[in-house]
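Enquirer: Let me give you the structure first, and then I'll get to my questions.
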Amino acid sequence: MDTKIGSLDTCRPTSNDMINPTNGAVAAIQSSVSPTIINASESTLGRHLARRLVQIGVNDVFSVPGDFNLTLLDHLIAEPELNLVGCCNELNAGYAADGYARSRGVGACVVTFTVGGLSVLNAIAGAYSENLPVICIVGGPNSNDYGTNRILHHTIGLPDFSQELACFSTVTCFQAVVNNLEDAHELIDTAISTALKESKPVYISVSCNLSAIPHPTFSREPVPFSLTPKLSNKLGLEAAVEAAAEFLNKAVKPVLVGGPKLRSAHAGEAFVELADASGYALAIMPSAKGLVPEHHPHFIGTYWGAVSTAFCAEIVESADAYLFAGPIFNDYSSVGYSLLLKKEKAIIVQPDRVVIANGPAFGCILMKDFLSALAKRLKCNTTAYDNYHRIFVPEGQPLRGAPKEPLRVNVLFEHIQKMLSSETAVIAETGDSWFNCQKLKLPRGCGYEFQMQYGSIGWSVGATLGYAQAVPEKRVISFIGDGSFQVTAQDVSTMLRCGQKTIIFLINNGGYTIEVEIHDGPYNVIKNWNYTGLVDAIHNGEGKCWTAKVFCEEDLVEAIETATGSKKDSLCFIEVIAHKDDTSKELLEWGSRVSAANSRPPNPQ
């Protein structure tokens, strides 16, 4: 069956699967559909784009105004089901669209030509690396200026408007330059469809003089389009499942490991189905945290080489067979290429490909189809989990501190664990928060996001804004280092304007701690700010905001009680003062290994 994009009136998306159809051509429009004819004032390019965004599940667009996109913004605002969220800068608007897409399945941002486009580019690159469908819309030059050899403002001063397009071509899966009305409808629909099919960002440039002009192609409400899903090659699927079942069924202690591409493959449920049927020990790669339920009875933690959850790496690396579903093996996830895995023991399942050991390989197979079919062919084998259960020793509690003793980070996260529930979501910034948050045990329904592949410091401020906007029923809890916060702090103001009730824990330890543990130097020390004072200034009496500065455990307990009690409807900003060397043992280990990988000498010529 075709996967349908929800119509404007009747079909609000309820899950990522509905608004992230798999690859394929746009299906024929069904003859039974009779879309409403709309009046000329609304049959414009801008309103069509607005209606399409709403139709695919985007109700909030993150924007920064500029002269080339102002008319377009007027038409987006005119759409009653679309909310325009003005951000402080384009980078944060892109990060917010990234965070929104993680929850809703698709996000969108609007900026102005080149000066805005190149500012948002870094965030779009991050979304590309994380396989997130983000619609990046740029207000472009007047259509009459194309091909005229004129020099425009907001450009680098050359009579060539292609610089922005060239930059976006490497970090988006489709680029549409809409500079005439005749093919605008087709270009916009193709771009949006491609983003959903490929689960990657797309770029749409709309000439500034076209947004307000009616055109016959926009004279009706957008017909809900259907996207033909990818289909697995049936014979290839059967062969791959047979080969994988034979490989795993003869293993003594096989394990399963989930990777980050489970999201873009929409294979999370199929992976859990496989885990249920097989009885195998179940682990996740760090960047897949939150994609697999940690309350699963055979869950053993995060597999991250030398910095894995206690006893997890030993079980995975000692297995005689392991199936990795959607992995990304980079220098960060492999802890400086130090994983003790053997190719001949591994089945690697990617969104549309399966490789068993050193071969054979099978293409044109959807991950979710393969995992579901394999679940029906495996013998139940709990050996690896039984071994884990046999050797497991519960983690100890942090040493109790003396009264008013400076707060240690491990004590902080002991208290954070108690805050988590199905009504919360965790955002972890690049840095030591990666490692501390990775150790949190997520209750059923608790969201979790971080950006591991791209690892851009400052990502979490915008992502928190976008994620919280997408799921107002959850309370987002963000962990941000002081160095990262200084990159993107401004959009705390946008959180306040939107009435968000996020809790931000600002870890103030005086610098770029993650960089310190890879390679230290004076450049890793930053100017200390009065962070609570800054947020109070941003608040400026508008909206609900509460700040606190925490020095010891007693302060922390009081702050958490207030944030979750009398200030539960406010944005709460809690600055935690920590020693500059108070880092997780995992960061110390990881940093030394990544440093060793970065400093390898050149190979002999």
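A Cβ is built for glycine as well, from the same backbone N, Cα and C atoms used for every other residue.
So TrEMBL says this about it:
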- 44-149: domain 'Thiamine pyrophosphate enzyme N-terminal TPP-binding' (DOMAIN)
- 241-358: domain 'Thiamine pyrophosphate enzyme central' (DOMAIN)
- 451-576: domain 'Thiamine pyrophosphate enzyme TPP-binding' (DOMAIN)
- ASP482, ASN509, GLY511: Mg(2+) binding site (BINDING)
Enquirer: Please work out the helix, strand and coil residue numbers for the domain 'Thiamine pyrophosphate enzyme N-terminal TPP-binding' (44-149) from the DSSP assignment.
Expert: 50 helix, 22 strand, 34 coil
Enquirer: Name, in the order they occur in the sequence, the residues of the same chain whose CB lies under 8 A from the CB of GLY511 (Mg(2+) binding site) and which sit 6 or more residues away.
Expert: ASP482, GLY483, ASN524, VAL525, ILE526, LYS580
Enquirer: At a 10 Å cut-off from the C-beta of ASN509 (Mg(2+) binding site), count the other C-beta atoms across all protein chains.
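Expert: Cβ-Cβ neighbours of ASN509 (Mg(2+) binding site) within 10 Å number 21.
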Enquirer: For a three-state summary based on DSSP, what are the helix, strand and coil counts in the domain 'Thiamine pyrophosphate enzyme central' (241-358)?
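Expert: The domain 'Thiamine pyrophosphate enzyme central' (241-358) comes out at 39 helix, 25 strand, 54 coil.
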Enquirer: Inside 8 A of the center formed by the CB atoms of ASP482, ASN509, GLY511, which other residues of the chain have their CB, for the recorded Mg(2+) site?
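Expert: These residues sit around the Mg(2+) site: GLY481, GLY483, ILE507, ASN508, GLY510, TYR512, THR513, ILE526, ALA578, LYS580.
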Enquirer: By a simple count, how many Cβ atoms lie within 10 Å of the Cβ of ASP482 (Mg(2+) binding site), its own Cβ left out?
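Expert: Summing over all protein chains shown, ASP482 (Mg(2+) binding site) has 25 other Cβ atoms within 10 Å.
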